[in-house]
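These come from TrEMBL:
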- 1-30: region 'Disordered' (REGION)
- 96-121: transmembrane segment (TRANSMEM)
- 127-147: transmembrane segment (TRANSMEM)
- 167-191: transmembrane segment (TRANSMEM)
- 203-224: transmembrane segment (TRANSMEM)
- 236-255: transmembrane segment (TRANSMEM)
- 267-290: transmembrane segment (TRANSMEM)
- 302-324: transmembrane segment (TRANSMEM)
- 360-382: transmembrane segment (TRANSMEM)
- 394-412: transmembrane segment (TRANSMEM)
- 424-447: transmembrane segment (TRANSMEM)
- 468-488: transmembrane segment (TRANSMEM)
- 503-522: transmembrane segment (TRANSMEM)
Amino acid sequence: MSSANLPSRAGNSAVHDVEKQGVDDTTEETSEAVLGRHTFGADFISRLAVKDGEVYELHPEKNSKWYQRLIDAGVEENGIKPVPLEQRTSTQYNNLFTVFFTCLLNILPIPTGLLATLAFGMGLRDASLVILFFAMLTSLPPAFMGIGGMQTGLRQLVQARYSFGKYLVIIPLLLNAATVTGFCLLSAIVGGQTLSSLSPDGVSVKVGIVITCLVSFSVSLLGFNSVHFWERWTWIPNLIALVIAVGCGGHHLSHQSVLEPATPAQALSYGGLIAGYFITFSGTASDYSIYHKPKGVSKVKIFMYIYLGLLLPSVPLLILGAAIGGAVPNVPSWNAAYQVTGVGGVLYEMLTPAGGFGKFIIVLLALSVIGNIAISMYSVSLNLQMLLPPFTKVPRFVFILATMAIMIPLAIKAAEEWEESLTNFLAVIGYWAGCFAAVSILELVVFRRMDYSTYEHSIWNVGRKLPPGVAALGASLCSMGLVVPGMAEPWFTGPIAKTTGDIGFEMAFAVTALCYLPFRWLEIRLRGHL
């Protein structure tokens, strides 16, 4: 089923739509012929008309007063429906840099980098090289895929319907929703630990998590414009706070543990974690560009905005985390603080020389994760709207409420086994994201020949016109034949990984790509069209 938008004639400022009732966009039929095939109430029929094969509601009912007040206050009304070309008017393309730059310019990358030295036993130099290489490599897919939002007017997982189909797309949809929620959990835990470090006896990590989630909720509630506005400016205090923390406690970073050179297995296993950190943005990148004007701007420029937005804040902070991890065992105060409140405790110890001002900086650092949680909540609410057809009618903010209600208790539980939770999460999510990115990129580049117009709005919700998704899902499942033997997790190490280290992400991307080419070709031949 497809949808279309038409301005209301009832004086309501919001844009309304009704779903297409079995009418092809190429079919010229009168409203009487269309309505004759359906049974509607008389009042509803009187409000319908047909134009260019689409059924419209001429006089849609107004929103309820409470919902209209939310819209008037700035809450984004549109959810997963395609954004027509005439509504893609934003020319603030540098927002696509700041939305990712601010999202990652916070304390979340620090514990991820810390794992390289504390958990994987790598030296700072080797950890830094692995971080730089895998970050540069795995930021490429999301930066490329992010161009599609402004070119198609479709959210990232709606675009995925043009390869996975309307129904099988539910699988990557659920995986993406779990991934994005997982990043929310990690951010909430780090923010909660940092707040708790101010007074471990008075403010527990659990209370810190709740405070962080509630503040983040208010930003993501309003939607696209508020997310972009927040991300456009809050990187400034985040950067200042991080620089002050390093300036106050950075002299201890020279006390690095002396370790053996990293083995290939260590480098590949930790590289898989870094891949999971970056490539998972492939599932959300287009969500933040669908209102941008596609004409008059170079695709290369948009690619670089997103690529640098992912890369520039993350690499230095990941390396900083690796440096902190290498020094923690050799600085007694840091080690003791880490045992109580994790990386938040270490940051507090770094800022101890600044006295009361240092505590203020700790609060800023704790709240720096809001930008990450806000865009994550925004994307997961869109994913949940796609799960079932009736969900498209549910306002987006309802799903944000539901996500927050689920996220808080999960974050509190995950915080109890922090390092293990972080390691398992980042490694596993890289596997499915590799499959998803391979399918999405090949679909656009090989089969649609970089023609974004083939992502037709008229069929975005018409299951019989979209691909069945067998090729995409089949290719992804075939890759599991090498992904599983190439996994190296605390709970399972495959026979290949015992020799090579974790190569699950690499196998997921490469094997899915190789299988998707013949599978999709055959699917197109059998259907006779894309």
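Just so it is clear, glycine is given a Cβ too, placed from its N, Cα and C backbone atoms.
Long-range contacts of the transmembrane segment (267-290) within its own chain (CB-CB distance under 8 A, at least 6 residues past either end) are made by residues 83, 88, 95-96, 99-100, 109, 112, 115-116, 120, 122, 126-127, 130-131, 133-135, 137-139, 141-143, 145-150, 152-157, 159, 172, 176, 179-180, 183, 224, 227-228, 302, 306, 310, 314, 318, 375, 378-379, 382, 423, 425-430, 433-434, 436-437, 440, 488, 497, 500-506. Looking at 96-121, 236-255, 360-382, 394-412, 503-522, the range that has the most CB pairs within less than 8 A of the transmembrane segment (302-324) turns out to be 96-121. In this chain, the transmembrane segment (96-121) lies in contact with the transmembrane segment (236-255); the count of Cβ pairs under 8 Å, excluding pairs fewer than 6 apart in sequence, is at least 3.
The transmembrane segment (394-412) makes contact with the transmembrane segment (167-191): 3 or more of their CB pairs lie within 8 A, with pairs spaced 6 or more apart in sequence. Sequence-distant contacts of the transmembrane segment (424-447), counting only residues of its own chain at least 6 positions beyond either end whose CB sits under 8 Å from a CB of the stretch, comprise 112, 141-142, 144-145, 148, 159-160, 162-164, 172, 175-176, 179, 182, 185-186, 269, 272-273, 275-277, 279-280, 282-283, 472, 475-476, 479, 483, 487-491, 502, 504-510, 512-513, 516-517, 520, 524, 530.
The transmembrane segment (96-121) makes contact with the transmembrane segment (360-382): 3 or more of their CB pairs lie within 8 A, with pairs spaced 6 or more apart in sequence.
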